[in-house]
Amino acid sequence: MMGWLSRMKAEFGSSFLWLVCSIYFTQGFRSFVWTAISYQLKDVLKLSPSASQFVVSAAFFPWSIKPLYGILSDCIPIRGRKRVPYLVFATILSLFPWLILGLTESLRCSHISLMILLIVQNIGSAMADVVIDAMIAEAVRSERAAFAGDLQSLSWSTMALGGICGSLLGGYALTNLRIETNFLLFSILPAIQLLSCALVDEVPASAKVFPENEMSKISQDKNSMENGNLRTEDSISPEQSGEHEELHKKMDTNDTVVVKPANSTFRRKKNQKKRKKRANILKSDIPERHRSLAIRSFASLKSAVYSLCHAFRKPNILRPMAWFFFAHITVPNLSTAMFYYQTEVLHLEASFLGTVRVVGWFGLMLGTYIYNRHLKQMRLRRILMWAHIGLAVLTLIDIVLVSRLNIQYGISDKLMVICGSALADAINQFKLMPFLILSGQLCPPGIEGTLFALFMSINNLGNTLGSFLGAALASALNISTESFENIIYAISIQLFSTFIPVAFLFLIPKDATGIST
């Protein structure tokens, strides 16, 4: 392990690896503070399950427009740099909302201001995620391609570690600390991330536009202009000037008057005009280069958007992505309603719910292992069909939980919740892995990064719309903090909806398997 890290450090530098680890650990550790947000909405703001889910869903919308951040950082450099300035800006957006929420009671106690600050914070987190992915992709190009898997493994392992630590500490912190204190504690990580940005050097993109020899040539021309008057006057020989001048005779022994020739004055004025013209041309040279850089940036932006739209209109790309999007928006997400039920009816503590999330992380890793070990040869249609059947079975477990049938058979509520969480994350990973593999197979050369970010945004947007649908369903059934009688009907509708995407699996390529080609 230490030898592997030493090779990575020697190849990429400790500052870059530290930046990667800090960003991904922070992304995973977000479970620490979002647990506090859930309790802030429920216990302090006294929002209903539907209103609370609406706030959280709106807050996560910035993750649905990730390609926008990628296109901006790719096509519009800031002071000649494409990555670090955007990463600094993103980190600032991630940092200050938590400081404001931790220090200003009036803002965290209003659901409108809280939602706005959470949206700003997620813009920063999503932008940082896109930029660091681009930096990793650039770091493993050409001769470093052999380290691509190692760097990805490091990033995902760090995020998993952050998720486990955040889930464990989040429940403990909520039990022993005030909610605003959790906001301030979490802000330490974005602050460390901001300091890490200063340790990373980035080669300016403008260095390719303004080569050093060209700049030195411009400097030499400017110096020659400043001394041009001396060189021009020295270049006129006495013989040349004598042919055109007429001297007056000496008036007396003490005073002599020499009249400068008329032609010499004319030439000097003409040369001064030429020098001013050259100076204006040279002075306007650099702004012209900056204008041309802006034009090229706009052209690059336009080309990227056109290539993205052109590729996405292809049926072999559009049809599978339409299925994954449809699979999210047809199944209402009732996670917030279930959180309210677990805390208000089952009276589960925050520390226990943190443990449940840790079990969920291990379930996610177990699902990844099972998929890579046993399911890679299976056709994606079959994997996705069984994944939805598994999700339907888990929905039945929720029905058993809210109908209290488990108590009749001596099964505790905590055991039902832990098993349901672990299995849900594992099965959802069976559904996510085909999405990632298929996305990699469908990306055409040249726009892989941007198109893959678009695929992930479609997935995130589907999740967001599914959450909005769940919030609408909870509101329609009058599910509130005091009334959970209709929650079993909401879960039953969710159970029925789980089978709808199975009927549209023909959109997935028939022969596609879990092996990336």
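Cβ coordinates are placed from backbone N, Cα and C, and glycine is handled just like the others.
Noted in TrEMBL for the protein shown:
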type: TRANSMEM; residues: 84-100; note: transmembrane segment
type: TRANSMEM; residues: 112-132; note: transmembrane segment
type: TRANSMEM; residues: 153-175; note: transmembrane segment
type: REGION; residues: 222-249; note: region 'Disordered'
type: COMPBIAS; residues: 225-240; note: compositional bias 'Polar residues'
type: TRANSMEM; residues: 322-340; note: transmembrane segment
type: TRANSMEM; residues: 352-371; note: transmembrane segment
type: TRANSMEM; residues: 383-403; note: transmembrane segment
type: TRANSMEM; residues: 450-475; note: transmembrane segment
type: TRANSMEM; residues: 487-508; note: transmembrane segment
Given the cut-off of 8 Å on Cβ pairs that are 6 or more apart in sequence, determine whether the transmembrane segment (383-403) and the transmembrane segment (487-508) share at least 3 such pairs.
yes
Report, as numbers and ranges, every residue of the chain located at least six residues beyond the transmembrane segment (352-371) whose Cβ falls under 8 Å of a Cβ in that stretch; write 'none' if there are none.
31, 35, 160, 163-164, 167-172, 174, 339, 342-343, 414, 417-418, 421-430, 433, 514
Spatial neighbours of the transmembrane segment (450-475) far in sequence, C-beta under 8 Å, 6+ residues away:
48-51, 53-54, 56-57, 60-61, 63-67, 70-71, 74, 130, 133, 304, 307-308, 311-312, 317, 321, 324-337, 435, 439-440, 442-444, 490, 493-494
